[in-house]
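Beneath this line is the structure, given in structure tokens, with notes to follow.
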Number of protein chains: 2
Amino acid sequence: MSTQKHYTGLIERYRDRLPVSASTRIISLNEGNTPMIQLQNIPRLIGKDVEIYVKFEGLNPTGSFKDRGMTMAVTKAVEEGSQAIICASTGNTSAAAAAYAARAGIKAFVLIPEGKIAQGKLAQTLMYGAEIIQINGNFDKGMSLVKEIADHAPVTIVNSINPFRLDGQKTAAFEIVDDLGFAPDYHCLPVGNAGNISAYWKGYTEYAVSRVCSTRPVMCGYQAAGAAPFVAGHMIDEPETIATAIRIGHPQSWDFAWAAQKESGGWFDKFTDEQILAAQKMLSQYEGIFCEPASATSLAGALQDIGSGKIPEGSKIVCTLTGNGLKDPDTAISQCAAAHPVTIEASLDAVKRAILDCL
Amino acid sequence: MSTQKHYTGLIERYRDRLPVSASTRIISLNEGNTPMIQLQNIPRLIGKDVEIYVKFEGLNPTGSFKDRGMTMAVTKAVEEGSQAIICASTGNTSAAAAAYAARAGIKAFVLIPEGKIAQGKLAQTLMYGAEIIQINGNFDKGMSLVKEIADHAPVTIVNSINPFRLDGQKTAAFEIVDDLGFAPDYHCLPVGNAGNISAYWKGYTEYAVSRVCSTRPVMCGYQAAGAAPFVAGHMIDEPETIATAIRIGHPQSWDFAWAAQKESGGWFDKFTDEQILAAQKMLSQYEGIFCEPASATSLAGALQDIGSGKIPEGSKIVCTLTGNGLKDPDTAISQCAAAHPVTIEASLDAVKRAILDCL
């Protein structure tokens, strides 16, 4: 093998801050190193003097932030001799588990809620060759089954209750500080299972303790109105939202997420499906960035709180976009139903007419 | 605006090799900087001592290599005062044009062949807010209309006949050399409109002339059997393939691509849809990398030519994966029809049985 000069994934990059040794075989797909894109049009549209960056995690190898945790979890599972991994998933975790298991040459079992995962995520999980166990129950039910099953079968759980997941995910905070040269004032995140907000806080805190950054951001966790246990202050039994990636009522990282909120002076809030889809469309239409519905919850929250002054002008804000819009083409297409194209004759006149009508 | 330390796109990175000035307003979505992933399992499976890297262009902001050319083309269109761009597209170009137009705040018109673009690409183009003109004709017909219309309406063509497109796309070759520290021995590409093979050759040649690398790769251009004008030696009128991104019979970069083949000592070849889909599945299943069907043509070709010895052992090979698998979930799901999941009861016993049956 040649000496590799190039980027080979987040474990290699942040090796000294992750629980791996010199002899650990790293299972990686060159995840991480995702772009920080500064919004150029939306701040002007809302007439506010703020710097908003989106951390576009949809450009990870399987199209979501889950790859960060999965490279760590599968690396450690393989190191410990595991031949199979298992997770419950709304779709993104299953895609990541399936891909990293394929790369490692081990088996992946994924429990998904019937009919409630987006089409792209199903396509991925099938293509990566995972064993899909579709249950007649939601994510929370799948999660409780996964926790039970690990005592009855030789499988390693790779949901975010696996502590290595959060270790991998915390590197997103490292990258943000390394990119900006400082920590943002506010960090806005969608909150479902609450592993990500917990992991970012862990990352910022580790960097602050090591004095890589002098401050930590206020953590703002935004949920879908129909799946908002942190806003309710208690678990929810029948979560419902079009943002399937955060359709979770019993978040596994409940305590960690509350700690992040309290220690950072942050808050939780909730948004309707309509507000979430409007933010998704706004980001596509005015900035050219297409994220999945759940991801846009971070922007919906940021815009509301900037509008009200709760996030003051002059702030530097990072919004995590957790997943790629291509994960869920159906929701996007149905959202644009009014713009659905009609077919015209392939002639110069017809095309010219179509164009001049719009100019 | 803060001083940005972080990666802000390929024009900034390769500014001195691109036709921009200090005052040019750059339209960017932080495209480029895509991962080079070394295949770990497939070389072992085929029992050959080769280094194969995939350049995963599906992790560009709109999910394909088209973003590289589009950042340049839209930057130059805006610099020249254009208020609207137009392209014909099998889907990836339209997604990129729509996104960069959104970012620039100008209008995008895209001509797409009815019913022949993948679902993810349609979702993107709608979400980015392009004006979609769907015609009852294929890509080649759309392309000829676009060339005519530019004389009749105030629109800038951003297909790869726009020379700035190839300038942007050549940066992928720069990145490969910068990452590896040398040029590969062989570079394998899917060939549709033939802009990409032309652009890579331009990039490698510029780097060789500047002595950044001492060699240039042999360029291997692979086509779909039903859309293989370079293999036939003449244009094709009714191209057909499941790999919609290369369903092109009249490639616009015909002369450039032949020059790349001849000057590099390379070749063209063609593969059936079955071979292309098998390569796509192999890459997903054994490496955890999910590309769109057309992209896998590069791997199908590489594997055949490694197998026959035409590409000898000891070679360093780069295969470009032009687009993300999430662009075309339908083809992936139908390819995995046999593995389509059945729903089981959400109980410990049922799940345990499902798992133990597989172990």
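The backbone N, Cα and C atoms fix where each Cβ goes, and this holds for glycine too.
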Next on the checklist: Quick check on the annotation: TrEMBL has A:N92, A:G192, A:N193, A:A194, A:G195, A:N196 binding pyridoxal 5'-phosphate, so which of A:T8, A:T322, A:T331 does it put in that site too?
Outcome noted: A:T322
Checklist entry - Residues with Cβ closer than 8 Å to the Cβ of A:K66 (N6-(pyridoxal phosphate)lysine), same chain and 6+ apart in sequence? => result A:N60, A:N92, A:T93, A:A95, A:A96
Item to check | binding-site residues (A:G192, A:G195), the one with most neighbouring Cβ atoms at 10 Å | outcome: A:G192
Item to check | Set of same-chain residues at least 6 away whose C-beta sits under 8 angstroms from A:A194 (pyridoxal 5'-phosphate binding site) | outcome: A:G221, A:F230, A:P251, A:Q252, A:S253, A:W254, A:F256, A:A257
Checklist outcome for this item: Comparing local Cβ density (other Cβ atoms within 10 Å) for the binding-site residues A:N92, A:N196, A:T322 points to A:N92
Next on the checklist: Cβ within 8 angstroms of the Cβ centroid of A:N92, A:G192, A:N193, A:A194, A:G195, A:N196, A:T322: which residues besides those meet this for the pyridoxal 5'-phosphate site?
Outcome noted: A:F65, A:S160, A:P190, A:V191, A:I197, A:A245, A:I246, A:I248
Checklist entry - What residues, ordered by sequence, lie under 8 A Cβ-to-Cβ from A:N193 (pyridoxal 5'-phosphate binding site) and sit at least six positions away in the same chain? => result A:F139, A:N159, A:S160, A:I248, A:P251, A:Q252, A:S253
